[in-house]
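**Student:** Below you will find the structure I want to go over with you.
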Amino acid sequence: MKLVVVGLNHKSAPVSLREKVAYSSDTLPRSLQALTRLDAVHEGTILSTCNRVEIYMASRDPDAAAAQTSQWIARDHALDPADVTPHLYTKAESEAVRHGFCVASSLDSMVLGEAQILGQMKQAYQDALSAGSTGVVLNRFFQHAFLTAKRVRTETSIAENSVSVASAAVDLAKRIFGDLSGHSCLLIGAGEMCELAARHLVTHGVKEVLVTNRTFSRAVDLAQQFDGHAFPIEALAENLHRADIVISSTGSTVYMVGPDMVKQALKSRRQRPIFLIDIAVPRDLDPEIGQVDSAFLYDMDDLNKIVNDNRQDRAEAAQAAMQIIEGETPLFIQWLDTLDVVPTIKQMRRKAEAAKDQLLQKHLAGWDLSDTDRQRVENLARQLVNKLMHDPTERLRSLTNEHDGDRYIDAARKLYKLDDD
């Protein structure tokens, strides 16, 4: 069994495509079931965040699994495969393990060292567990990935002074306004990203925090944390003009704000500029807003350019983290290889035991032996089988740790005619 990853991220695909292939919590269970119905996919997990959609799979045929999944991702979102597949990457075996460990440790994140991705990966794993789409391989892989991420965060400085997407958004606002003191902000959404943004905004002196959310009670709870004000999502249009800075991160599949709403808000503001940051995928803010005078719209792709400075500053910590990952990757591969060899070794031993039992049954019946002598013969036969099987099975177990270990398993199966039955 091999580990396979097929996906796209902020480096391989623009936000306009990432939002089209994103998975919502409502559709995820159905998609996980459909994924594991693909012929070459034995286990599957879907990781869908604002910056990536990745399919983690266990398969005996990595090439077939990758090909089937690449087509399936497009079909599952009613897209033309020709528009999706050029942006996909495929990783298998040790490369897939290394990539997954890097993702969990935030080395592959847009913001190097951010903490959100580990929680998102844990949630993706829990969703797959609930859907029954994981098994022995992915269960072990994700547990190993989480332990590796923990080592990276505790043994390196990767998490020190790291920024999040939310804090990067606030830094962008500071570049536009300079001093944020005296400015007001509106958060559309009440999840973790918006809460993080609110904390950074208040730290930098924002005078008023407004919050709206589809679930009004959550908006109230978040606003109260910052002595702010909440209003129902239905009142968004009539309140938009109150904000100098708008940060949006919801799970909506439709635009929350369009150009006409912004034009009306600017009219009420007497054309004072309004700064909008969309950190949602799919996007909350219609891209056409960027064409409106005095409205300055930024999305995840814009933030990606801004946080590159942070990535360069953290290169030394990233190098130390990669050393940990390079050490953990072969450990998982070795376990995976032994997983493949165990059934073969069991079959070899069962075949030897069956031959022993057949011979004992044939000959002992014609021998006039006491119970004690019969027991001695049976013990001798058992010891002989164990002795003869010990070296071949232990050697086979050892050889499977090599890069071409599969061929030794195949050879053993042919020599012992394990697939002839």
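Note that Cβ sites are derived from N, Cα and C of the backbone, with glycine treated the same way.
Just so it is clear, the model here is predicted, and its values are computed rather than measured.
This is the feature table in Swiss-Prot:
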ACT_SITE  Cys50  active site, nucleophile
BINDING   Thr49, Cys50, Asn51, Arg52, Ser109, Glu114, Ala115, Gln116, Gln120  substrate binding site
BINDING   Gly189, Ala190, Gly191, Glu192, Met193, Cys194  NADP(+) binding site
SITE      His99  site 'Important for activity'
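Can you walk me through where each of these features ends up in the structure?
**Tutor:** Every protein chain considered, the tally of other Cβ atoms within 10 Å of the Cβ of Cys50 (active site, nucleophile) stands at 24.
When secondary structure is read from DSSP and collapsed to three states, Ala115 (substrate binding site) falls in the coil class.
The Cβ neighbour count for Cys194 (NADP(+) binding site), using a 10 Å radius and every protein chain shown, is 24.
Same-chain residues at least 6 positions away in sequence with a Cβ under 8 Å from that of His99 (site 'Important for activity') are, in sequence order, Val5, Lys91, Asp108.
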**Student:** Over all pairs within Thr49, Cys50, Asn51, Arg52, Ser109, Glu114, Ala115, Gln116, Gln120, the annotated substrate binders, what is the largest Cα to Cα distance, rounded to whole Å?
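**Tutor:** Taking every pair of listed residues, the largest Cα separation comes to 15 Å.
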**Student:** Using Cβ-Cβ distances, find the residues under 8 Å from Ser109 (substrate binding site) that belong to the same chain and are at least 6 apart in sequence, listing them in sequence order.
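**Tutor:** For Ser109 (substrate binding site), the qualifying residues are Asn51, Val103, Ile117.
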**Student:** By Cβ count within 10 Å, point out the most packed of the binding-site residues listed: Asn51, Gln120.
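**Tutor:** Top count of Cβ atoms within 10 Å goes to Asn51.
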